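Working notes, structure below.
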């Protein structure tokens, strides 16, 4: 069993493995009170006035207390981050890293700007960690890249992957969870999808071209495998309830 887990871990691509490891270590450290969440959460005032720049990164690593919800988010992170990195971004590790960097920047910008708008500033002030939102962004981008995969939810109904973010959002509403983090993830994911996939087809320009200094950090393969429009990737689901084999039309 331990050998199987170790092999599964070693087979993860570099970005997925690094992010998952950092998230687990950070969350476990906070649970054991080795690390204080008070030193990790996003606080614009502390970032600007006290130069606590690390908060711009650490707020994406802490997934709250270790409970069932934590395990589900680790499942989503490991699954969809891995699927994106191994398929849509195969041979383009630098581009995948830039996607996460862009998404994190958009999420941070939304929270900072929202915190300055009257009437809704209090709602944004309560958003201390954006880890769940970044995970949801990956789910959203994956669903846009694989819209025709058939999925099932709790065996009750089937749908295509294009509707996966909306199904998960509806489930969050049903169980009484906050939908803010899901909505922020969907917004950042759609901004990335539009600028990276839709806008270039409309204009022939690619505004999100990965900077050369980021490309220099990764030794990517020169061969990029094209992604079929109906790529048959296995799909997971929230709370382990969605996992039927995909049926590609």
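Glycine residues also receive a Cβ, built from the backbone N, Cα and C atoms like all the rest.
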**OP:** From the ranges 96-117, 206-227, 228-249, grab the one TrEMBL calls transmembrane segment.
**Re:** 96-117
Subject >> Same-chain residues at least 6 beyond the ends of the transmembrane segment (180-199) whose Cβ lies under 8 Å from its Cβ atoms >> reply: 99, 102-103, 106-107, 110-111, 123, 127, 130, 132-141, 144, 165, 168-169, 172, 205-208
